[in-house]
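Asks: According to TrEMBL, the protein carries these features:
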type: ACT_SITE; residues: 181; note: active site, proton acceptor
type: BINDING; residues: 44, 83, 114; note: Mg(2+) binding site
type: BINDING; residues: 44, 45, 83, 112; note: 3-methyl-2-oxobutanoate binding site
Ligand SMILES: Nc1nc(=O)c2c([nH]1)NC[C@@H]1CN(c3ccc(C(=O)N[C@@H](CCC(=O)O)C(=O)O)cc3)CN21
Ligand SMILES: CC(C)C(=O)C(=O)O
Ligand SMILES: [Mg+2]
């Protein structure tokens, strides 16, 4: 196993938590790596937080490859995860393989895809041929057009049982990581305890092996964040203040300074 991935398994055994953040370009990935983040996810959430769309469905493989390249160049020792976007992998293992190769060539270490047991053959196919797969269950945003909104999952006993079975099936198929999104804390804790692979939670409570947050939520750059996100700084306000000062300085003649020669 890749030494950097083996560390994730070791830390899970020892109960040491790991932190993942999304990044979509070089400067943000550089900040994440310098801060000691363990993993960077080039998420298809870029369609929403960077491109301004209402969901992630319009993101293309070419866009994901472009952003993965920017991030990988700055990632240092961070493990780089990249999302397969909607429509590039659901038909089956061979379609998924082609798309995953594109993102590996762009610099990703681990390829993430959404879905439960129905994705197990694809996970097994890619894993057997040399690609590290991160599965993603619970609130899978690529299915929002079926649900109508971003709804928490696993809240009924039946849905919780299905998610737990999905987790086990995906791990048995060879997934190296599992993202649990917007599910009850108790369910995430149970799945984390049952699996030997590291779980990465978002809106899934404190008991997953790692956490992931969207960079623009963490830094307060978006107008709104999901209820579970913590805005560590109101970065948007900091930027607006700087920009307004620039506008004032240009208007008043304080910028640029007059040079002697
Ligand atoms: N900026 C941003 N941050 C994210 O974490 C994120 C995105 N965008 N876009 C893609 C998905 C969507 N995400 C979300 C969004 C909302 C909830 C949520 O919990 N919503 C409310 C209302 C749900 C409903 O209408 O039923 C909730 O309390 O469940 C969860 C995950 C997480 N992801
Ligand atoms: C929220 C995370 C897990 C994600 O899939 C993304 O950022 O696209
Ligand atoms: Mg995603």
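Cβ coordinates are placed from backbone N, Cα and C, and glycine is handled just like the others.
Note that TrEMBL annotation is computational and uncurated.
The model shown is predicted, which means the values in this text are computed figures rather than measured ones.
Set these features in their place in the structure for me.
Replies: Summarising the environment of residue 181 (active site, proton acceptor), the number of other Cβ atoms within 10 Å of its Cβ, over all protein chains shown, is 24.
Reduced to three states, the DSSP call for residue 44 (Mg(2+) binding site) is coil.
Spatially close to residue 83 (Mg(2+) binding site) yet at least six residues away along the chain are 41, 42, 43, 44, 45, 59, 64, 112, 113, judged by Cβ distances under 8 angstroms. In this structure, residue 83 (Mg(2+) binding site) is part of a beta strand by DSSP.
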Asks: At its widest, how many Å does the recorded 3-methyl-2-oxobutanoate site span between Cα atoms of 44, 45, 83, 112?
Replies: 13
Asks: Identify, in sequence order, the residues in the chain of residue 114 (Mg(2+) binding site) that are 6 or more apart from it along the sequence and have a CB within less than 8 Å of its CB; answer 'none' if there are none.
Replies: 136, 137, 140, 141, 142, 143
Asks: List, in sequence order, the residues of the same chain other than 44, 45, 83, 112 whose Cβ lies within 8 Å of the centroid of the Cβ atoms of the recorded 3-methyl-2-oxobutanoate site.
Replies: 22, 41, 42, 43, 46, 56, 59, 64, 82, 84, 85, 136
Asks: Taking a cut-off of under 6 Å between Cβ and any atom of ligand 1, tell me which of the binding-site residues 44, 45, 83, 112, 114 pass.
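Replies: Among the binding-site residues listed, those whose Cβ sits under 6 Å from ligand 1 are 45.
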Asks: Around the Cβ of residue 112 (3-methyl-2-oxobutanoate binding site), how many other Cβ atoms lie within 10 Å? Please give the count over every shown protein chain.
Replies: 25
Asks: Which recorded positions, if any, among 44, 45, 112, 114, 181 have a Cβ under 6 Å from ligand 3, given in order along the chain?
Replies: 44, 45
